[in-house]
Amino acid sequence: MNSFKKTSVFGLVILIVSIIIHICLGYLFINSRDVYDELSSWFHIYVVKSIRSGNFRVIDYSLRYFTGRNLLQSPIVFNFLIALMNIELGLWTILMSVLLLITIYYITRLITGSEIVAGFSSLLVSVTPCFNYWFKYNIYGAYTLLPFFYIVLILMHRGFVYNNSKLLILATIIGSILWFTWSDGWLLILLYSLFLSTLLFRNILFKTHLYLGLLFLATTLPLNLLLNYMYITIFHVFSYLSLMFTLIFIYLTNLFREIIGSYSQTSFRIIVSISVFLLSLYFSLIIGSYYQYPGLMEEYRAIYNPLFDYGIISLLSLPALIMIIRSRILQDTGMRFLNFALVSSFIVCVISAYFNQPLSVLAAVSIAPYISLSIVTISSTIYRSGVGRLKIIYSIIAIWLVIGSIVSSTIPSYAVSRYSPLVNIVDIPRELVRKIVVNESGFINTLSLIKDVEKNKLIICYWKYSYWVLGVLGPGALTLADASGDEYGWRVYSWIMLSDEHTAYQLIKKIVGNNSDIDVYVIVSEVISIDLTVTGERRTADLGEAIVFPTVQPGRAAEVTYQVHGDIARILEYSRKAGFNQSDYLTSRGLRYPHEYPLGWSFKTMDTVLVKLIVNGLDSLNIDVFNSVYNRLYGERFLNRDISKPIYFKLVNATVTPLYRVDRDVYSFQISLFVALYKVEL
């Protein structure tokens, strides 16, 4: 076997290893495999369930009881394909991740000509934390179509290099489909407008480049309007305007070439290249100020942390960019479209991921070929530099450089795989329970009790719970509003939560009207700290997560404060949405820390449905409830003894899910998640 075949086989072996590693991290090692993570996953689960059950409606009143939600304002088209294929949603995500690894292997081989570098590139991506988070089995969404973006780049690259119009037309078709189906389909249009601006600056434009741009213009936004597909966001309009203005300025530059003169053409092209994007941004903002963009962005709760999300890539991306610039591989931009597209997408996405988190995967994948080339080149150089006795030392350094770069990303990727699904921890920040496995979801368990109820079910809950509610209960369940709207539903829910029981009951009766074929439920949740030092038949708990501060004075006990994370933490938000005066519900008296503000209740707050349902639910579990701030103001007293039991709200189920313990000084707390479900007695 010659050396070429050996390197080819070795590269393929590394590719296979990378796929196996990702399957382990993204499937075998994950917690709660059957419980989906991220809010967007649950939304798409509901859409797929609706399609498969035959209950799909374009205007969906399950998510927004009052106004309905136009589902075509979201990237749901690909869900029809998934429903038709009858494939498991998690399996689709894994298949797309494997396709992405194969695609990046092929792209790296195109760029570097080395199968070993290509294999290492796929291996590097397979252990990157953000890739393993967004492409693990229990997360699903429109962003999973990402591999087809790179397939379009490959087709365009081949089409430009070999002047093959068929490949370019095929790239246009797939790119236009991505515009409608992929949540970030606008990115391809933006990158191509950047590419044309660069060609204009370097004065190496060809008619093929312009024709392709015109094809993209004709087959994207106009088709949205023609087909009444309303997934149009500010990013779609900005990218479309960028391409349109770029083509217009290219035409004007050629039209007035003689007037401008050869001396001024370079300066003019620089001004044009910059002006295109400034004008596009200006007009997209102007349009948005007069007409609200109908497209609804996907809802994610992941927090973008570049140093953690990219692993070793976060440390090596800057050196890789310097290598790209110094090697001048972008100098012949007309023939190196693929290099330009990858570098541009990395720069765009590493910034855009702050408000669109799945784009972090695209940034990592785009820079991976160059980082892999750098690592392999440096390692091979070190390996060859060893002479005599130093050969062993140099070999160890070279091997460790390769293995260490993989291991350093694998460790955080494994931690990502062990994350508990968000529905298991509800409102608790993942940073608090990142190292803790919560295998049980009190939220899902509680909702499952009414899953088989034949009547329609109106679930009155916090709007960001709506996707979970419909994902668990499926068609037949209704919510007042979802995370994307509407404002009226948000206001009505807030009004109910901050009203006294009688007023809230009358509001609910008006909402339902004479509809006897519907049951109404209310779900509330909050974090509590159960005091483990108190023994007896009844336990005691404080509302919120216990935070113990050590004292600096000898002989004095540590100080304890509490931070709420659930419905009580949103009292301020609810008062704003309902149009109430927040000072009627919250006071700053008795506060020691800013995070205690939601616990600074007035007497009016004590009488709200929100507080009554939480306190009564805990009381049903033999838990006496404290509010630390309230106790400071009015003396130590159990809330469940001061607050009357609800009359119109019947407890269906209350559950407490243990999360983690806090043991410090003389204190010992079990931090737990409380969830309660009530049925409204209409």
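Just so you know, glycine gets a Cβ as well, placed from its N, Cα and C.
Caution: TrEMBL annotation is automatic and unverified by curators.
Sequence annotations record features per position, and here TrEMBL assigns transmembrane segment to 9-30 (among others).
Remote same-chain residues near the transmembrane segment (76-104) are listed as 15, 18-19, 22-23, 26-27, 33, 36, 41, 44-45, 47-48, 51-52, 121-122, 125-126, 131, 135-140, 142, 144-147, 150-151, 154, 180-182, 229, 365, 368-369 (criterion: CB distance under 8 Å, separation of at least six residues from the stretch ends). The feature transmembrane segment is assigned by TrEMBL to 76-104 (among others).
What TrEMBL records for 140-160 (among others) is transmembrane segment.
Annotated transmembrane segment per TrEMBL: 167-182 (among others), in sequence order. Long-range neighbours of the transmembrane segment (167-182) within the same chain, counting only residues 6 or more positions beyond its ends whose Cβ lies under 8 Å from a Cβ of the stretch, are 75, 77-78, 142-143, 145-146, 148-149, 151-152, 155-156, 158-160, 188-189, 208, 212, 215-216, 219-220, 223-224, 229, 231, 236.
The transmembrane segment feature in TrEMBL is assigned to 188-205 (among others).
Annotation source TrEMBL lists transmembrane segment at 212-231 (among others). Within its own chain, the transmembrane segment (212-231) is flanked in space by residues 70, 72-75, 77, 156, 168-169, 171-173, 175-176, 179-180, 188-189, 192-193, 196, 237, 240, 243-244, 246-247, 294-296, which lie at least six positions past its ends and keep a Cβ under 8 Å from the stretch.
The annotation transmembrane segment is assigned in TrEMBL to 237-256 (among others).
Sequence-distant neighbours of the transmembrane segment (268-291) (same chain, 6+ residues past either end, Cβ-Cβ under 8 Å): 193, 197-198, 200-201, 203, 234, 237-239, 241-242, 245-246, 249, 253, 260. If you look up TrEMBL, you'll see 268-291 (among others) marked as transmembrane segment.
Per TrEMBL, the feature transmembrane segment maps to 303-325 (among others).
As annotated by TrEMBL, transmembrane segment applies to 337-355 (among others).
The annotation transmembrane segment is assigned in TrEMBL to 361-380 (among others).
Residues or ranges marked as transmembrane segment in TrEMBL: 392-415 (among others). Counting only same-chain residues 6+ beyond the ends of the transmembrane segment (392-415), those with a CB under 8 A from a CB of the stretch are 21, 25, 29, 120, 123-124, 127-129, 131-132, 308, 311-313, 316, 375-376, 378-380, 382-383, 385-386, 434-435.
Fewer than three CB pairs closer than 8 A are found between the transmembrane segment (188-205) and the transmembrane segment (9-30), and contact between the two stretches is not assigned (pairs 6 or more residues apart). Counting only same-chain residues 6+ beyond the ends of the transmembrane segment (303-325), those with a CB under 8 A from a CB of the stretch are 124, 127-130, 133, 339, 343, 346, 350, 353-354, 357, 360, 363-364, 367-368, 370-371, 373-375, 405-406, 408-409, 412-413, 430-431.
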